[in-house]
Amino acid sequence: MSSILPRVGNGGYKRVDGNGRRDGGRVGFGWKKFAIGAVVVIGLVWVFGPRERRESVLSSVGPASWKKPTKPEKGGLYDDGDSLMPVTTHVPAAAVPNRPSSNRPQNAPHSPQDDPDLSKTVYCTSPYSPSDRLVQYALMIDAGSTGSRIHIYKFNNCGPSPAYEYEVFKMTQPGLSAYPRDPTKAAESLDVLLDEAVRVVPEELRSCTPVAVKATAGLRLLGARESEGILEAVRRRLEERYPFSVVEKDGVVIMDGKDEGVYAWITANYLLGAIGGPTANLDADAQIPSFAVLDLGGASTQIVFEPNFAEPDGAFVEGEHKYDLQFGGKTYMLYQHSYLGYGLMRARQSVHRLVEFMATFSHVPGSTSPASASFVEEIANPCLASGTRKRVEILPVLPGELTREVNMVGADVGSFEGCNRVIELVMAKDAICQTKPCSFNGVYQPSILETFSKGNILLLSYFYDRIAPFYPSMGTEQPHLNISSIGDLAQDVCKGSSHWEAVWGADRSLIAELEDRPEWCLDLTFMHGLLRLGYEFGEDRTVRIEKQVEGTELGWCLGATIAIVGGELTCRI
């Protein structure tokens with residue numbers, strides 16, 4: 001059979017030298033044959049895509065025992081994400097922090113380093129209510145799939161609602177999910193973060209400082225028994241070792257994906273002044289339109305936006321994707337969805353698995369691999385930059401499979417175009433759409449073109465990490481970027497080292513990072529495919545990419561913390 005993604009033996013590509021040039025001949029790559037091959041394999045793609053899609057199929061066609069349970073019985077530590085009803089979250093008006101930006105003191109601190117007194121505030125000398133503390137700290141630990149991060153927030157009670165001042169941020173790797181069989185060690189991995197909180201929060205305020213740990217997609221994928229054990233160990237260590245007040249309800253929990261996305265939407269739109277906050281414009285006619293927030297994590301990706309229907313509420317299909325948010329006395333009707341299995345790290349795995357599977361089409365029947373136990377198969381991968389190579393672990397997806405290692409080598413030509421075709425298969429754009437319209441993988445989503453044609457778009461997390469290095473000025477000014485720009489950037493990165501030198505040769509640190517990250521081509525191509533093919537944003541849509549606003553980390557953490565400090569706080573006795 002003709003080669004689709006050719007398997008490369010020791011006699012194919014020769015070794016790559018330090019400059020990324022091959023010292024041997026070139027093996028052709030017939031990308032036009034890809035379409036023919038795709039027809040053959042499209043029915044099998046589900047096996048090589050995100051695990052969650054396979055589990056969904058198995059649960060619908062076979063006995064319940066075929067599907068490994070991902071949630072414990074009622075009363076476990078998981079949030080309930082199975083309801084098909086719209087979600088309503090109420091954040092009272094009094095809970096929405098305000099910062100007195102109009103009369104902001106010139107010496108207002110942005111960090112503990114320039115804060116004259118961590119136990120006081122420069123905004124007032126006494127609290128608005130005698131029953132409140134003058135200063136309130138709150139701790140939020142984001143236990144993600146690739147690492148854990150603590151956000152230490154400082155608020156003051158100079159007004160009727162807590163006013164946000166600044167945050168301290170610290171992270172550690174790996175994440176809690178790296179310790180599936182050692183819950184105690186998982187809990188201990190957070191010590192470096194909590195020790196930082198002890199350093200920052202004044203001693204007299206620690207017992208009244210709430211702390212919450214919310215795990216995201218990484219722990220969702222572990223399974224019920226392992227994740228419950230880890231979360232129980234974390235709560236126990238917090239209560240026994242540290243002086244802070246652990247939030248009683250949902251204080252240490254696996255956060256539902258829809259809450260993760262909506263809290264990120266609150267954080268971003270609050271800090272950017274679209275829904276009230278430090279930069280909000282009180283003139284309704286000049287109010288900033290809300291931002292669609294797209295958060296790309298390691299194991300999942302979320303989209304949240306406020307669709308605008310010609311007939312309000314008339315065309316919005318009911319279901320768990322609909323999120324009615326009561327925030328600061330206003331109601332926001334949001335669309336949200338969390339795609340578990342479509343985070344950047346999981347997307348990499350899906351791509352590598354599919355590329356390896358396609359390579360088997362070029363395997364000659366009856367041929368054998370070298371007998372050496374150290375032999376590692378080489379496969380041409382269009383999603384690695386030209387001239388690069390990477391040893392990849394292909395994780396098991398079916399019962400009885402073992403983890404295997406292959407050497408992926410960057411194709412000589414057509415990397416972006418070829419990688420984009422692989423991404424199209426992983427995205428499952430042709431999956432059955434039971435409720436139309438759909439984005440990808442059969443998920444309902446109101447049409448972006450019809451309901452969000454001109455709104456702002458904000459990209460977070462891995463979007464920022466992978467794109468920002470190419471725009472050194474991003475820290476001080478926002479470059480003009482659109483969806484097409486990300487595709488162009490992916491094409492440049494996929495072309496390999498000689499092209500990198502021509503475009504970015506003056507930036508040696510960037511060149512070194514590109515050489516160290518062969519999958520950067522894959523990452524950018526996936527991001528472009530997710531935005532253009534998946535969510536169906538037009539190529540000319542302008543996007544904004546941020547990591548922080550006025551020193552505050554974007555993401556779900558501030559939004560979730562607002563709900564905590566606006567509720568009833570209990571001090572540790």
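A Cβ is built for glycine as well, from the same backbone N, Cα and C atoms used for every other residue.
In TrEMBL, annotation is done automatically, which means it is predicted and not curated.
Annotated features in TrEMBL:
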- Glu260: active site, proton acceptor (ACT_SITE)
- Gly298, Ala299, Ser300, Thr301, Gln302: ATP binding site (BINDING)
- 14-24: compositional bias 'Basic and acidic residues' (COMPBIAS)
- 99-110: compositional bias 'Polar residues' (COMPBIAS)
- 1-24: region 'Disordered' (REGION)
- 58-123: region 'Disordered' (REGION)
- 31-49: transmembrane segment (TRANSMEM)
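Features per TrEMBL, on structure.
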residue	record	Cβ contacts under 8 Å, 6 or more apart
Glu260	active site, proton acceptor	Thr216, Asp295, Ser300, Gln302, Ser338, Trp556
Gly298	ATP binding site	Gly144, Ser145, Thr146, Ala217, Gly218, Gly343, Leu344, Met345, Arg346, Tyr462
Ala299	ATP binding site	Ser145, Thr216, Ala217, Gly218, Arg220, Leu221, Leu340, Gly341, Gly343, Met345, Arg346
Thr301	ATP binding site	Leu294, Asp295, Ser338, Tyr339, Tyr342, Gly343, Leu344, Leu530
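Within 8 Å of the Cβ centroid of the ATP site, not counting the listed residues Gly298, Ala299, Ser300, Thr301, Gln302, the chain contributes Ser145, Thr216, Ala217, Gly257, Asp295, Leu296, Gly297, Ser338, Tyr339, Leu340, Tyr342, Gly343, Leu344, Arg346. Taken residue by residue with DSSP, the residue listed as 'active site, proton acceptor' is part of a helix. Using a 10 Å Cβ-Cβ cutoff, Gln302 (ATP binding site) registers 30 neighbours.
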